[in-house]
Amino acid sequence: MLRGQRLGQLGWHRPAAGLGSLMTSLMLACASAASCREVCCPVGPSGLRCTRAGSLDTLRGLRGAGNLTELYVENQQHLQRLEFEDLQGLGELRSLTIVKSGLRFVAPDAFRFTPRLSHLNLSSNALESLSWKTVQGLSLQDLTLSGNPLHCSCALFWLQRWEQEGLCGVHTQTLHDSGPGDQFLPLGHNTSCGVPTVKIQMPNDSVEVGDDVFLQCQVEGLALQQADWILTELEGAATVKKFGDLPSLGLILVNVTSDLNKKNVTCWAENDVGRAEVSVQVSVSFPASVHLGLAVEQHHWCIPFSVDGQPAPSLRWLFNGSVLNETSFIFTQFLESALTNETMRHGCLRLNQPTHVNNGNYTLLAANPYGQAAASVMAAFMDNPFEFNPEDPIPVSFSPVDGNSTSRDPVEKKDETPFGVSVAVGLAVSAALFLSALLLVLNKCGQRSKFGINRPAVLAPEDGLAMSLHFMTLGGSSLSPTEGKGSGLQGHIMENPQYFSDTCVHHIKRQDIILKWELGEGAFGKVFLAECYNLLNDQDKMLVAVKALKEASENARQDFQREAELLTMLQHQHIVRFFGVCTEGGPLLMVFEYMRHGDLNRFLRSHGPDAKLLAGGEDVAPGPLGLGQLLAVASQVAAGMVYLASLHFVHRDLATRNCLVGQGLVVKIGDFGMSRDIYSTDYYRVGGRTMLPIRWMPPESILYRKFSTESDVWSFGVVLWEIFTYGKQPWYQLSNTEAIECITQGRELERPRACPPDVYAIMRGCWQREPQQRLSMKDVHARLQALAQAPPSYLDVLG
């Protein structure tokens with residue numbers, strides 16, 4: 001209330017609408033005055049200043065001024081108490097100043113309705129004490145209490161701590177004791193002050209579902225005021241019964257459930273000094289449970305699962321009924337949960353680049369001392385690309401993909417000559433060979449091999465097989481110009497034990513292999529078409545390509561073993577499949593998938609616009625491949641390269657001659673090591689025996705022998721050019737020396753006439769001079785897939 005005058009007499013006329021327009025009324029009351037002479041005058045848009053001496057004994061007259069943010073009160077000797085009702089409705093108040101007044105008491109809940117208060121100045125009043133509860137919950141930046149006759153007691157111990165810790169500017173003030181001599185308030189003077197000590201006792205160490213749990217809260221301390229339990233997390237987890245009072249409070253949890261696990265049971269107590277609380281968690285044991293979800297493709301494939309149980313269950317995976325041994329490629333990963341108050345754990349069985357061999361039934365077993373559970377799910381990551389009978393006639397009948405193409409689909413003759421088959425198929429499997437180069441050279445571990453051979457640390461350059469494989473490395477590498485003379489491949493390829501530590505090469509009995517005829521010959525030996533029995537469970541026999549090692553030296557056997565280990569690991573629908581080896585007797589044999597239509601370069605030429613000219617009178621395909629079919633071919637090669645890049649393999653000899661074509665226009669990366677003999681003009685001999693495919697190499701590989709996944713991207717751009725020229729040789733009009741000059745000077749191959757601009761843009765993205773600026777194989781594959789699914793309308797207006 002205002003002393004001596006009512007609100008109306010001071011110009012505080014409340015509008016009929018209520019208290020919400022108090023500030024508006026205050027501002028209007030003084031708007032026309034040169035200087036305000038009322039008890040309280042507005043300051044700025046949302047402030048109020050009350051300085052007329054002795055005019056206020058309470059602040060309740062301000063209730064309802066909802067937009068008030070700053071209140072300044074001075075020289076009000078009759079204002080002695082501040083209760084929580086006084087500031088009701090002032091929810092926006094941020095600064096409160098009451099100075100040089102008669103304030104003696106501030107209620108512990110005085111600021112309940114002003115949660116945004118950040119500046120509090122109560123200096124030069126008659127305060128002897130101030131409860132810690134008064135400022136609890138406020139985000140104070142400044143608290144000023146100087147000039148008050150504070151009485152040193154435990155009730156101000158919190159203020160002493162604030163002064164010691166430098167909080168809210170308290171340490172910058174001079175606080176006085178109300179005792180004689182006007183002494184300073186000493187820091188830590190009363191060492192007997194302290195917050196209550198709270199302990200919770202729980203005699204039940206082992207609790208199961210349905211049990212009753214007894215807890216007791218013991219409280220110690222001076223001037224105890226209140227104590228109680230906080231049980232907000234226990235709703236539905238148990239029936240609660242409370243009993244007792246200070247200093248000992250009891251709690252019974254009746255018929256507990258598993259939901260009680262990891263829920264906090266809290267006991268708190270207060271005194272003049274402050275508040276203390278302690279929490280415990282009751283562990284309720286219950287059997288394991290498990291749930292499995294369907295496999296989801298993420299960065300790695302994920303088979304999601306959820307497991308529950310207390311104690312936390314142990315986990316074990318089965319694959320098709322057998323124990324699944326986890327590796328760096330197949331592993332369990334738990335997901336971090338934002339919820340910390342539950343026992344259920346969520347996670348994934350991660351599979352890095354799974355293939356059809358990983359298709360099957362996955363079972364998760366969970367067990368703890370109170371029970372076990374299991375759940376199973378079928379997962380199919382990739383279709384099996386080998387489900388066909390290789391002895392059946394294989395017509396090249398393509399479904400037209402390009403809706404705008406008018407060309408007829410090519411059809412293959414059933415009666416192919418053995419030599420035609422040999423060349424077509426022969427080049428099919430050595431993807432394996434070039435893939436291994438990296439391994440041949442590098443094993444310095446000297447361990448006993450699975451073939452009974454001691455591995456040397458370095459391969460000699462004379463080894464024919466080493467030379468046939470030296471175009472495949474792990475990661476990036478660089479070769480010296482003298483490679484192929486005396487240095488061999490020493491030091492250029494390091495073995496990654498991650499890939500080969502547990503490689504299991506399949507051994508095939510020699511009696512199950514029946515050679516039919518020779519397909520071709522490379523530096524390593526000969527390649528044969530053969531029948532193989534008992535190779536697959538669902539077939540008695542099947543056609544395969546067999547590579548025979550002609551040299552039986554220790555080094556050659558070493559290379560043979562290393563290559564077999566590498567090829568066993570590579571499993572992808574667009575990498576030629578390796579079935580295993582035969583080491584009984586001699587010669588050593590490798591067994592590969594049979595690709596009937598041979599290498600991609602020859603296939604493109606025989607299905608291109610110049611097919612009749614190249615055939616020399618023989619029957620040819622009825623028409624060139626359409627745009628949709630060319631895009632499908634390119635997309636498949638890109639898919640294989642994405643797989644190799646994911647394993648950090650560098651191909652180093654990617655070209656259409658080293659890709660193979662099978663039934664239904666299925667294209668795979670692979671050759672039998674014969675391409676350097678059949679396509680000798682594609683290679684440039686350096687030094688003694690080193691042959692480099694310079695027309696497919698980027699500048700850094702030509703100049704510095706630096707090979708990386710980025711150099712493979714460049715080579716793929718050239719492969720794309722080959723596909724859309726129907727197998728032409730890059731820079732066919734130039735010699736090797738002239739081609740090197742064009743590449744190193746930054747010239748690019750011209751856009752083929754059958755190539756849409758979108759595809760040529762991909763080629764150019766692969767041919768950026770700086771390796772880091774080239775497209776990634778993933779990006780290339782994604783773009784080609786999108787184009788293959790919806791081929792662009794393209795008309796060769798120049799043709």
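From the backbone N, Cα and C atoms, a Cβ is placed for every residue, glycine too.
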C50 - recorded disulfide partner, Swiss-Prot, among C40, C41: C40
Cross-link partner of C193 (disulfide, per Swiss-Prot) out of C152, C154, C168: C154
Region 'Interaction with SQSTM1' range according to Swiss-Prot, out of 384-405, 472-493: 472-493
Member of C152, C267 annotated by Swiss-Prot as disulfide partner of C217: C267
Number of other Cβ atoms within 10 Å of the Cβ of D653 (active site, proton acceptor) across all protein chains: 28
